[in-house]
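As recorded in TrEMBL, the features of this protein are as follows:
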| type | residues | note |
| --- | --- | --- |
| DOMAIN | A:67-443 | domain 'Ammonium transporter AmtB-like' |
| TRANSMEM | A:24-45 | transmembrane segment |
| TRANSMEM | A:80-98 | transmembrane segment |
| TRANSMEM | A:105-124 | transmembrane segment |
| TRANSMEM | A:130-155 | transmembrane segment |
| TRANSMEM | A:167-186 | transmembrane segment |
| TRANSMEM | A:198-216 | transmembrane segment |
| TRANSMEM | A:228-247 | transmembrane segment |
| TRANSMEM | A:267-286 | transmembrane segment |
| TRANSMEM | A:298-317 | transmembrane segment |
| TRANSMEM | A:323-340 | transmembrane segment |
| TRANSMEM | A:361-383 | transmembrane segment |
| TRANSMEM | A:408-432 | transmembrane segment |
Amino acid sequence: MGNCSQGCQHYFCRPKNTNVRVSLPAVCFVWQVAMIILFGVFVRYDKEADAHWSETKKEENITSNVENDFYYRYPSFQDVHVMIFVGFGFLMTFLKRYSFGGVGFNFLIAAFGLQWALLMQGWFHSLDPVTGYIYIGIENLINADFCVAGCLIAFGALLGKVSPVQLMVMTLFGVTLYAVEEYIILNLLHAIDAGGSMVIHIFGAYYGLTISWVLYRPNLHQSKRLHGSVYHSDVFAMIGTLFLWMYWPSFNSAICYHGDGQHRAAINTYLSLAASVLTTFAISSLSAKRGKLDMVHIQNATLAGGVAMGTAAEFMIQPYGALIVGFCCGIVSTFGYLVLTPFMEKCLKIQDTCGIHNLHAMPGVLGGVVGAITAATASNAVYSPEGLINTFDFQGNFATRSVTTQGAYQAAAMCVALIFGIGGGALVGLILRFPIWGDAEDDNCFDDEVYWELPEDEESIPPILEYNNHMVTKNPDICESNFSVDQS
Amino acid sequence: MGNCSQGCQHYFCRPKNTNVRVSLPAVCFVWQVAMIILFGVFVRYDKEADAHWSETKKEENITSNVENDFYYRYPSFQDVHVMIFVGFGFLMTFLKRYSFGGVGFNFLIAAFGLQWALLMQGWFHSLDPVTGYIYIGIENLINADFCVAGCLIAFGALLGKVSPVQLMVMTLFGVTLYAVEEYIILNLLHAIDAGGSMVIHIFGAYYGLTISWVLYRPNLHQSKRLHGSVYHSDVFAMIGTLFLWMYWPSFNSAICYHGDGQHRAAINTYLSLAASVLTTFAISSLSAKRGKLDMVHIQNATLAGGVAMGTAAEFMIQPYGALIVGFCCGIVSTFGYLVLTPFMEKCLKIQDTCGIHNLHAMPGVLGGVVGAITAATASNAVYSPEGLINTFDFQGNFATRSVTTQGAYQAAAMCVALIFGIGGGALVGLILRFPIWGDAEDDNCFDDEVYWELPEDEESIPPILEYNNHMVTKNPDICESNFSVDQS
Amino acid sequence: MGNCSQGCQHYFCRPKNTNVRVSLPAVCFVWQVAMIILFGVFVRYDKEADAHWSETKKEENITSNVENDFYYRYPSFQDVHVMIFVGFGFLMTFLKRYSFGGVGFNFLIAAFGLQWALLMQGWFHSLDPVTGYIYIGIENLINADFCVAGCLIAFGALLGKVSPVQLMVMTLFGVTLYAVEEYIILNLLHAIDAGGSMVIHIFGAYYGLTISWVLYRPNLHQSKRLHGSVYHSDVFAMIGTLFLWMYWPSFNSAICYHGDGQHRAAINTYLSLAASVLTTFAISSLSAKRGKLDMVHIQNATLAGGVAMGTAAEFMIQPYGALIVGFCCGIVSTFGYLVLTPFMEKCLKIQDTCGIHNLHAMPGVLGGVVGAITAATASNAVYSPEGLINTFDFQGNFATRSVTTQGAYQAAAMCVALIFGIGGGALVGLILRFPIWGDAEDDNCFDDEVYWELPEDEESIPPILEYNNHMVTKNPDICESNFSVDQS
């Protein structure tokens, strides 16, 4: 390894066709230039971010600065932003030798994805037919982060098995599909999905799982030595877990409109998450010899409660309803890690590195079902007439829609998300199978060595230094020791 | 170890009675089910989180959405939430082989504790006598996090020596005691304690210390090999330290009511924390051979300034007053680590893993004293008549109370916290001594091996893989090296 | 080493004159006491944080509590606070054996610097000529954090080569110089620099680089063995990178005044940062054999987009303008790491540990230039007359200033920052060359061993324990292994 990192040419040391020196920079440059051009043609500040705001305020008789949408949404936006980059990023550092790839590629595709998402979502939601401009404000930034989340979920299934170029392509298509799916679900079907159980989690999870199925690696067991964690990599992953867990109430409430809606969404999510922690610990302990807990479950299944509260976040399901949702999710998700993931890999040929089927797919479906049922059973008594209109946005073309119909459309929305995820995943999977993307061999997966310059090991100290290096001269084994950590 | 984790049955490798496979899941399930039932019977959304809010607003002539309490308190709530889960959690990862337990069990008991706290605190503070319901909003979530903080402080004294089941029991009683103590201090005595120097820190610390005293382990030195940190575990602990330090101004200001109160509490805490950092570094350096700094002091004593500003957070102690408080706390707390902790373990038979006596107990008492004095010396000149009423909430039954009386009640409140901490701790300690909780032997403490599936070491690679594994075949010592990190 | 930490006296083991046992505590105590006295004489709460606020509100007919500046700025303040302590702190943990020093000394000088900054900035900005008091509120806390950021940038160039005492001195002078420079730039020249491309980044970077030049260590190569990262230290550094990256929109928008200004600054920074990520990955891959990415680039150059948006943050440069700025910065900054840093060390005798010239100096200059140009080309059409006045604060003495003149003053401001950085750095560098500050020898740099008690290694377990220690008795190599990590 020490040698490899310095370009050893032994047969075994020469990884094949994983050279991305041309493709990765090309993709990054071309797409970033395209972004600049498209933003130049289409994107401008929305009125609340434009310097004309001071005049707009006069026209609209707005007196207080705090009326600017920025002050309502910015704190939640920052929480969501942390979930995207630190939450997802560090959750994927759990592999012993793929921490650079986990947090680094997450960083890359998120930074690209959010630019593309601003455009795609803008075309569908914020395009002004008169001027032909997309006007962006804080809410667009939040929605872009949401869109990116869908692709990062898919990344979880592919972690360690694909090249950064493939991830960029996966993100390009993923964001595009997401924007269309989101438009159909939120605008055409007029389904409610504040926290994206369907739009984000079902779509993202099945998108990633289908790609992983198409890219099935029969000999992945040859990388088994690296397909696990070490002590400290599991602690790093807990950073991601906790920031996702803590900020999930912001995720589910970020784009709820009304004071009480955001307030309620935060409470529901907070409670649901708390409940899923307890059932996760329970099942994890119950399933193991001598009741020993498994870090994989704690890192992932504890979050299922937040996923499942996405759709019904601002509904009046009452605190105990949120607890029940979290209770079930913790159980379902942990069982998934115990039973389904091995089964899917063995029988369905789906290799799901992070177990997104357990953390996002199943809880997402559960969340969609809960949302459909609670919507269908909503009533004026519980919501108050005005509250019902606010919560389900029964206005304009949808002023006359009944809650039962709404429930049906919620269910339909779930199917749309599923279809887009599976259909889109199959398509993109085929594209990613072209042998041009520089992915690694089956015996070389989950290894940062392939795409990253890893830190040098101590052996490369010039002998002359050893003389001044009293530490090393005193205990020679330190070389090995630093070296050892170096490799970890 | 490799073998042990695969259930080796050598005499020495068979830890005794630490099997929590029945007890832990049972406790988690039963209590979570109980939560669901109790929430179903008692808990509803408060008016600002209820869908009827849009009607309530009309009745109360509230025009702006931002008037919803959610927008005042949510950012501070999220900061406190981060302190509870990442702050306390990572602060307890400093042990070389107990990082999983530190952050993992912190996660478990916090998630359970906050549900129980919502109920217990609700019964005392938010129960509507007419409907019999507890109405919860954002402020209840903050208070639940505060309540949990008390139990997490106690956890600090027990870290590595108790089983997760014992921690759940400790939390159940701790939250209950906290709710009663809080009611007596804030409602009956009408003491002011915005940041909880007394309610949270004194109670939590003496609760934990007393339990630790009752559970004294005479042969704990047999686990001495694991009772210390490694380089990277100390860096992980700094994550906890910094998030606690940075967000402490939010902790102390989160439930202050008035614009100026929250504003002042944040400034005071910010300054007090800054001062305690300098004196901590000073004493730590002064006390060591060649002035070398000790990470234990930096990780803990730097936070003492925030603890001590809890009670007087919103008082007019002026910026220099806050600096003086922080100045003293840094010194006292660091001396505690140098002198008191060893003394307490040797002479008082109190084994305090994280040194909570230095970080929470002493600064908490200091904070209580500062609060009592500054309250007793408050004046209309300094606060303005209205400001005095707002700050000390001299309304209703307490409209006629003098500041001198208030000072006396503040002192009384400190005694109440102390009594509840010691009394409750003794009781709970006795309960935790029953031999049914699955705690480890004295020679097996501070070891994640007991309750966690630790990552496999490299030795378990099937030989057949070694052939494909050029890395291993090239430098055989990598096995050992990864292995080594594995064990670290 | 194991021995050294127990005070071995072999010739080689006795580091020279690095004993800070007297100097460090002395400096901390004296300066903290000075702070208390000066705060006592000069500093009071501003009206929005004072208990008289409730009366002030009446006088000023303020009805809503949320009008208090606290609610506008506190969320951004907390984000900035996280950047200062976790962002900068963890960014500097990348060295394999200097993580304690990176995060620990960052903590120390930031905590001291912000107190001194409150005073110095207060004297220039918030001093009431009538009462002679400095009135501080949330905005002063944000500005103090900004000021500290300048010194932490300078710390980046000195990392591992200076003693904590030298850092304290560097901070004392740095904050003082910063306050004067800030006053000249913002008040006298009336330049706009919301995110501090010039005031913070140009000044801080050249201040640190000049000091590093004066303190040039010809034999630093003797510490080469420690002048690099290990796998996990690079992951720790990513924590710092991501929190800086995510919260940079708050940094650049924190002290913008108007709803639309803050809103726009956040959008511009968000986009600029996203673009610099892609170009950083592109150049990093393009420059390496087989296209392998370099963690040093990802950790640093990805942030350049935020630095360069500092000055023009609230200008109407349009989203595509922000993308162009980020696009260029990612390229320039990464090239800096590839070409300039080695060149500067070899030819200019400037040893820049963290490469602040690439991350702060060059992007800062770019940001200043962008600011000057965009200011000179501003127009009523783009900003609206009132918007132009709000954005550039054309009021009072500056009511008649033209945008062209403003552009010229922006350019002048850049020169002022440069002059203060280089001049101040030369002066302070000479002071730091006195042989009294306890800095380490050339062969002993980048080593926590010098100023920190490092965790004990396993070898120091008393033999008697080994008997109970079945783990160790079973696999003796664990001693070495833990030991090894211990040293890492």
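In case you wondered, yes, glycine gets a Cβ from its N, Cα and C as well.
Within the same chain, residues 271-280, 282-284, 287, 294, 296-297, 300-302, 304-305, 307-309, 312, 317, 355, 357-359, 362-363, 366-367, 370 sit at least 6 positions outside the transmembrane segment (A:323-340) and bring their C-beta atoms closer than 8 Å to a C-beta of that stretch.
Tertiary proximity for the transmembrane segment (A:228-247) is limited to same-chain residues at least six positions away from its ends with a CB under 8 Å from its CB atoms, namely 79-80, 82-83, 86-96, 99, 273, 277, 295, 298-300, 302-303, 306, 488. The recorded stretches the transmembrane segment (A:198-216) and the transmembrane segment (A:408-432) share 3+ CB pairs below 8 A when only pairs 6 or more apart in sequence are counted, and are therefore in contact. Among A:80-98, A:105-124, A:408-432, A:408-432 has the largest number of CB pairs under 8 A with the transmembrane segment (A:361-383).
Within the model, the domain 'Ammonium transporter AmtB-like' (A:67-443) carries an average pLDDT of 94.
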